[in-house]
Structures are given as C-alpha cells and as structure tokens.
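Sequence annotations record features per position, and here TrEMBL assigns Fe(2+) binding site to His96, His98, Glu102, His141. Annotation comment: TrEMBL describes His96, His98, Glu102, His141 as Ni(2+) binding site.
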Amino acid sequence: MLGTESTMAMEAWFMDESDADPRLPHHLNPKEFVPLDHLAELGVLYWRLNPKDYEKDEQLRQIRETRGYNYMDLLDICPQKLENYEKKLKNFYTEHIHGDEEIRYCLEGCGYFDVRDKDDRWIRIWIKAGDLIILPAGIYHRFTLDTSNYIKLMRLFMGEPVWTAYNRPQEEHPARKEYIESFTKKVGVALEAH
C-alpha cells in the first residue's frame, strides 16, 4: 500500500535472535517481511481505521458489534502514565497466551506485538496509530513498545475483561489446543479484515 506513514498498512517481519533492547526493530539481515495474508493464516486479524475519530467511527462500531466486543477501555503505556511501568513492560514481554482473543486498537504512538508462527519463529508486528489487531486465543505472543516509549491503546473484550496471561509452556491449555487444532481445520472468519 502506498501513502504517508499515517495511512500505511501495518508492517511485520521475521525477527533476529538478538538479546539487544527489545524496543529495537530486530530485523533479520537481510530483512524478511511477512505479508498480512501470512498473519491471517496464523489467525491474526488486522484493520486500518481512523484513530482521530474512534468515538464516531462506523467501521469500528461494526467490528465491535459483529464480533461482540461490548467492553472497552483505554490504556496509556509510557513511563509517565503507567504505574510500575518497567515491571509491567517486562510482564508484557514475557511469552504467553490468553484464553480469549486479544484485541488492541492503537490510537497514538507505536509498539510491537511479537507472535510465534507455525515453525515457532518470532514475527514482529509493528502497530501504529490506526492499526487494530486481533490475536487469536492460544497464540504465543508478547508485547513491547518501540523506542518512542509511548502507545495509547483501546482494549476491547467480549463481556467482562479477563487479564490472565498463561506463560509458556501451555501446550495443555484448552485455548492452545484449540488454536493448534484450527490449523488443521481452517475455519472461516465472520468479518473480513484488511
């Protein structure tokens, strides 16, 4: 997709194995980008929305209604606004799964969601303002900021929010088993992502 940074689609790439600062891009050399359709095969869904008009955005309303996301809150992640910032960022970066989808809409700033592919390789997903991402229940993932050290996220849930993270290994967790099984059954998606 061509356009300015504010209109460009989310970027994703395979990560290197470096232990350097997790807020750095961690590209392979040479860089190996991952197309959105490969992320979709892993169950990762993506929409590009208008973050400046999220309160009136018809597309966001439709996504929420179709997928049953009736709970919403906003979270600022930066040293000045998040209590126990360093500890929480370290927890976010610990590889884990959830029993439910993780739905995040970036309203300001940037950050990285890292997900494991079918071969257990890390894929880094760089989300920026306007990117709405859904990680399926049971996918191994982690989150960190980029070097800007700031992101404002909308968190969406079905019903009451559940914040429980299950650190790896979780191969016997029902959500993980269902996620792995989905690779062999390939089910359709109720709402097409972009």
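Backbone N, Cα and C define each Cβ position, glycine as well.
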How many other Cβ atoms sit within 10 Å of the Cβ of His141 (Fe(2+) binding site)?
23
Within its own chain, what residues at least 6 apart in sequence put their Cβ under 8 Å from the Cβ of His96 (Fe(2+) binding site), listed in sequence order?
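When sequence neighbours closer than 6 are ignored, His96 (Fe(2+) binding site) has Tyr140, His141, Arg142, Ala165, Tyr166, Asn167, Arg168, Gln170 within Cβ distance under 8 Å.
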Identify, in sequence order, the residues in the chain of His98 (Fe(2+) binding site) that are 6 or more apart from it along the sequence and have a CB within less than 8 Å of its CB; answer 'none' if there are none.
Leu135, Ala137, Gly138, Val162, Thr164, Ala165, Tyr166, Ala175
Let me know how many other Cβ atoms fall within 10 Å of the Cβ of Glu102 (Fe(2+) binding site).
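For Glu102 (Fe(2+) binding site), the count of other Cβ atoms within 10 Å is 21.
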Show, in sequence order, which residues other than His96, His98, Glu102, His141 on the same chain lie with their Cβ within 8 Å of the centre of the Cβ atoms of the Fe(2+) site.
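Checked against the 8 Å cutoff, the neighbours are Ile97, Leu135, Ile139, Tyr140, Arg142, Ala165.
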